[in-house]
Amino acid sequence: MKDVVGSPGTKTGLMLRVGQCGFAAASIGFMALAAGFSSYTAFCYLIASMGLQVLWSFGLACLDAYALRIKKDIQSPVLVSLFVVGDWVTATLSLAAACSSAGIVVLYANDLSLCRTEHLPCLKYQLSVTFAFITWFLIALSSYLMLWILASV
């Protein structure tokens, strides 16, 4: 089962990691552009979680690129186990951060209508949360694939 889409050391694996890194960076970027985000703990947690995701995904993307360049199979049980654990940890943190931030955005935008009265940058908050959920989806996909690859290695 070495030819699974998204496997470490393949082009699709590299694209998956670059996508994770890119969407997490976009989430950070939109949140950082929103004035006053640091006043809310959930938004700070989102920044921290997405920052960890950028580092993790960028590191694995570099490993995939290196494996593609030297044409080496990096699907050893130890490495795949590390990928599984890292993906599960970052997926859990990312989902928690995205959900908590989404809760704050819904509260402010829909329930309290603070976006209109206080002129909060709710659109930037919403875009940041949207990119965080896309990032989480890609991490969840990667976690699932790594678990299947670990079972077959």
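Cβ coordinates are placed from backbone N, Cα and C, and glycine is handled just like the others.
The shown structure was predicted, so the numbers you read here are calculated from the model rather than taken from an experiment.
Features as listed in TrEMBL:
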type     : residues : note
DOMAIN   : 7-138    : domain 'Casparian strip membrane protein'
TRANSMEM : 21-40    : transmembrane segment
TRANSMEM : 46-66    : transmembrane segment
TRANSMEM : 78-109   : transmembrane segment
TRANSMEM : 129-151  : transmembrane segment
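Among residues of the same chain six or more beyond the transmembrane segment (78-109), those with a C-beta under 8 A of the stretch's C-beta atoms are 8, 24, 40, 42-43, 45-46, 48-50, 52-53, 56, 60, 115, 120, 122, 125-126, 128-129, 132-133, 135-136, 139-140, 142-143, 146-147, 149-150, 153.
Within its own chain, the transmembrane segment (129-151) has Cβ neighbours under 8 Å at 1, 4-8, 16-17, 19-20, 23-24, 26-27, 30, 46, 49-50, 53, 75, 77, 80-81, 83-84, 87-88, 90-91, 94-95, 97-98, 101-102, 105, counting only residues six or more beyond its boundaries. Across the range of the domain 'Casparian strip membrane protein' (7-138), the DSSP-based residue counts are 112 helix, 0 strand, 20 coil.
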